[in-house]
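Report on the following structure.
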Amino acid sequence: MGNETYFYFMLFENLGCIKYVFFSLGFIFYCVVIYFNVLIILAVFLERTLHQPMYILISCLSINSVYGTAGFFPRLLTDLLYDTHRISYEACLIQSFVIYSYAAHELTILMLMAFDRLVAISKPLHYNHIITTRFLTLLIVIAWLYPMIFVGFSGLLTARLKMCGNKLFKVYCHNYEIVKLSCVYHNINNIYGLIVTITTIFIPLSFILFSYVKILRICQRSSQEFRSKAYQTCIPHIAILFNFSVALFCELTLSRFVDGEIPIGLAVILSLEFIVIPPFVNPIVYGLNFPGIRKKIRHLIKVCK
């Protein structure tokens, strides 16, 4: 069989009328996610007092959430609404790129947050000299570009493969599932996939864990007041990190190791956690825990009304 022009999402078959219920819930959820994250972005960029590294990085998380969900929800809602569940080969590769670059960006931004907190807590007197606007801009650009390059090259390696199948048992385009449909030798893709996993997931996670362990050690030697302030800014970041790490672990485990060994419905739910839960939880956590953001959001809501 030659290269296939289209892929077909098989999990949307035979949903019946319940697909309209899923569509309605998905559409409402997507609108809420966009609304919450846009509020965070506007709050940070419109309020001059929030033009600080920590808040700017929080807004970067929200921008990434808008980016990632835009690559997933419109396509999902289209497949739920219509009877034809096919996607072109090129569009499938683009969706895969957006979703997995979103996941990589989430970790690189969380890594910058951990670095920012480490500098603020370990070297408070030199913080403003180290985390300058120019340096922060450079870090953010690198945090956005290097995952895109690694994930993008993975997509190029996939694009060269000759396909022998066109049925995807996922609700979105999954690079590893596309590679498995290839009828040619694809060990290069598997090796490079491992490299991407190490560079975009395990290295950022290792640095994040190192940073927070070091912060914890510093806090143990500090005063009660200092510990309280440090925990107040770090705990929301750790909660977000834990939430995303668990969701990403579910996705990696399901796709690589236990695929087909658990019920399809449960597999779909667990595989979607990393793209669905963090964009919803992140703005709530930061909106509730940081008074500056919370105050500005209340003002924006009043203005909208």
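Glycine too: its Cβ is placed from the backbone N, Cα and C atoms.
As recorded in TrEMBL:
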- 36-286: domain 'G-protein coupled receptors family 1 profile' (DOMAIN)
- 20-46: transmembrane segment (TRANSMEM)
- 53-73: transmembrane segment (TRANSMEM)
- 93-115: transmembrane segment (TRANSMEM)
- 135-157: transmembrane segment (TRANSMEM)
- 191-213: transmembrane segment (TRANSMEM)
- 234-258: transmembrane segment (TRANSMEM)
- 264-288: transmembrane segment (TRANSMEM)
Closest-packing stretch to the transmembrane segment (93-115), where packing means Cβ pairs under 8 Å, from 20-46, 191-213, 234-258: 191-213
Non-local residues, at least 6 beyond the ends, that sit with Cβ under 8 Å of the transmembrane segment (135-157): 53, 56-57, 60, 93, 96-97, 100-101, 104-105, 108-109, 111-112, 115, 175, 188-189, 192-193, 195-196, 199-200
Segment-level pLDDT (mean, integer) for the domain 'G-protein coupled receptors family 1 profile' (36-286): 87
Any contact, the transmembrane segment (20-46) to the transmembrane segment (264-288), with at least 3 Cβ pairs under 8 A: yes
